[in-house]
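Enquirer: Once you've had a glance at the structure underneath, I'll fire off some questions.
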Amino acid sequence: MSDPASKSHGRKSITASLKPRSLMDGPERLARAWSAQVITLLPDAFPGILGHSLTGKALKDGLWQLDTIDLRHFGEGKHRNVDDTPAGGGAGMVLRADVMGRALDHALPRAPEGAPLVYLSPRGTPFTQAMARDWATRPGVTMICGRFEGLDQRVIDHYDIQEVSLGDFVLTGGDLAAQAMIDASVRLLPGVLGNESSTEEESFSDGLLEHPQYTRPAEWQGRKIPDVLMSGHHGEIAKWRRAMSEDLTKARRPDLWNAHSKRND
Ligand SMILES: C[S@@+](CC[C@H](N)C(=O)[O-])C[C@H]1O[C@@H](n2cnc3c(N)ncnc32)[C@H](O)[C@@H]1O
């Protein structure tokens, strides 16, 4: 049976004709693959950047899977309307509760047990590396991309949806935020990055920003790589990197520095 509302990206979607297969074609979930489901008005915007580089290779290799659910499919009437004017007046349009409810009733039975249900929203809890780490340990995530003025509050309350923000700015829609958060989570899945230790040393892993990085040439525009990095002395290099990490964090992110200091008191 075909499922016109959903489109699968990744290994299970690759057939001889390279046409996506639907979610309803059978017990499709790849064994142990991390699964992202995204409800969106712009399913063609996926996998987007996630289809490239390491996340794209991991998608093709079946380390994770992506299913987009087209909100329009659940719209009202001949024109499949998904939005209406805000109750109480004001500018813009709001995504309807009944339409999103139908999309969620379609998506939730397909989500793996334990996958967080998230609405991308500037009002939400700010997304962090810790959240990405948590999501990467779950079987996947189900995301709702908003548009217009956002989503009817009753859906958020009814399904107890977690609101998560990409940062203190307003995007046109949740799709870019979803892709950013999926990227941050997928790269932490085992086997996605070639060198596992690279996630241990990067920014935020120890609550600190990362030290500066350099590579060849040894001198460029009269600027040299710091001598210590060329010394081959691993102990001194580690000390220098740690000191730079601490200095940068203190200068740029006093909030992170204070939290780090408290944890290490
Ligand atoms: C134009 S915004 C709506 C903004 C909303 N009226 C407000 O003032 O909070 C449309 C959609 O984009 C998404 N969005 C916008 N900014 C975001 C952010 N910083 N983080 C996550 N999602 C965001 C949300 O899904 C939102 O429903």
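Note that Cβ sites are derived from N, Cα and C of the backbone, with glycine treated the same way.
Bear in mind that TrEMBL entries carry predicted annotations, made automatically and left uncurated.
Since we're looking at a predicted model, the values are computed, not measured.
From TrEMBL, here are the annotated features:
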REGION    1-21  region 'Disordered'
DOMAIN    37-258  domain 'tRNA methyltransferase TRMD/TRM10-type'
BINDING   GLY146, LEU166, GLY167, ASP168, PHE169, VAL170, LEU171  S-adenosyl-L-methionine binding site
Enquirer: What's the most sparsely packed of the binding-site residues GLY146, GLY167, counting other C-beta atoms within 10 A?
Expert: GLY167
Enquirer: I need the most crowded of these binding-site residues: LEU166, VAL170, LEU171. Count other C-beta atoms within 10 angstroms of each C-beta and give me the top one.
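Expert: When each Cβ's neighbours within 10 Å are tallied, LEU166 leads.
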Enquirer: For the domain 'tRNA methyltransferase TRMD/TRM10-type' (37-258), what's the mean pLDDT in this predicted model?
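Expert: Mean per-residue confidence for the domain 'tRNA methyltransferase TRMD/TRM10-type' (37-258): 97 out of 100.
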Enquirer: Quick check: in three-state DSSP terms, what is LEU166 (S-adenosyl-L-methionine binding site)?
Expert: coil
Enquirer: In Å, how large is the greatest distance between any two Cα atoms among GLY146, LEU166, GLY167, ASP168, PHE169, VAL170, LEU171, the listed binders of S-adenosyl-L-methionine?
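Expert: The widest Cα-Cα gap among those binding residues is 16 Å.
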Enquirer: Going by DSSP, give the three-state secondary structure for GLY146 (S-adenosyl-L-methionine binding site).
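Expert: Going by the DSSP assignment, GLY146 (S-adenosyl-L-methionine binding site) belongs to neither helix nor strand, so it counts as coil.
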Enquirer: Report the same-chain neighbours of PHE169 (S-adenosyl-L-methionine binding site): residues 6+ apart in sequence with Cβ closer than 8 Å to its Cβ, ordered by sequence.
Expert: PRO122
Enquirer: Give me the non-local Cβ neighbours of ASP168 (S-adenosyl-L-methionine binding site): same chain, 6+ apart in sequence, Cβ-Cβ under 8 Å, ordered along the sequence.
Expert: PRO122, PRO126
